[in-house]
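A short write-up of the structure that comes next.
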């Protein structure tokens, strides 16, 4: 298939843009802007389905979603076939309400909610409902209008398509073929769509819609009336011609209308062409399928009622038999108990004595076993205690030996340290004495030098004084 977005051609039955309540290319949204007015059960299944979360999440544009509809959608029912069981449920748990019995949501409704997330414009919505590649693309576009547009604008959107003859199978698994026009009429006149509900239309608006639909006859009915009129006129003409040609022969009333109808039918074929024959065949097939579906529904209903009655009768018979058995069993038990009470008084006493002696013997044996177990446990405890004591003594002796060794080694080391300290002190004393001797010698030398210097100075002064004298 080529690019779907570039081939949006509008057929001859295109809808003109209605003027009331519509401005520009932006579509108004009616109702809840988050849920699209969908059933909560369907909406939760759509949002939690892996198809919507994984595969449809990757589709970002309008054209990609349209291509996905073309390849994946095969029906317009909200649930897949066999995934939702509503047999025997009534009231709020019925199939229409959608309460308590979820299933696998269909790809059609997942893609419908995906279109809602894209916020379609008027031009895109017109492209959907006038698409030529697949009737399911158009069906989803009309369903989008039914869920999101105001009720007053529905008849304006659907007006040009109420007689559209393009067929599609709307049921999951097949078996419910209808045209686009029939589907739109059901959208406008019924709230129920398989196992869900459309948004409610106000009563005044619904009355107006019903009046407009009744005032507008179907094109198919008009064609049938024209066909009957043409057949009757042709039959009259054929009878007049035969009477004029052969007045003696009078054609039988059973064969003449058949011949006239066949000839008129051939003439109508020549007039209208092959499209008229196709329309007639489609309408006949549709009526035949509707009859077969009604007959099947009746047969199924009759079979279901019969099976229910049979199951109920079988259940009742079983209950009665069980009650009788329980009553007979209880009576037998009572009679047996009475007989035993009468005949088994002595036996009971003997049994009690035997049981009492047996209990005493078993108690004695148990007490002996307990005593022997206690003695063995005491012996084990004593042996363990003695072992622990010996181990403690051995540890203590080893600790004392190690301490003595450490003490001896510590004393020797202390003596060595003391000797070393004494030797160091002696060396220090010797060094101090040597230093003191050196200091004293240096002092004596300095004193001698001073005395000699003093003597030399005295001699020099004496000489000076003598020289001066």
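The backbone N, Cα and C atoms fix where each Cβ goes, and this holds for glycine too.
Lifted from TrEMBL, the feature list:
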type	residues	note
REGION	219-469	region 'Disordered'
COMPBIAS	240-269	compositional bias 'Basic residues'
COMPBIAS	270-321	compositional bias 'Basic and acidic residues'
COMPBIAS	329-393	compositional bias 'Basic and acidic residues'
COMPBIAS	394-408	compositional bias 'Basic residues'
COMPBIAS	409-435	compositional bias 'Basic and acidic residues'
COMPBIAS	436-448	compositional bias 'Basic residues'
COMPBIAS	449-469	compositional bias 'Basic and acidic residues'
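Each residue of the compositional bias 'Basic and acidic residues' (329-393) gets a DSSP state, and the totals for helix, strand and coil are 64 helix, 0 strand, 1 coil.
Mapped onto DSSP helix, strand and coil, the compositional bias 'Basic and acidic residues' (270-321) counts 51 helix, 0 strand, 1 coil. Across the range of the compositional bias 'Basic and acidic residues' (409-435), the DSSP-based residue counts are 27 helix, 0 strand, 0 coil.
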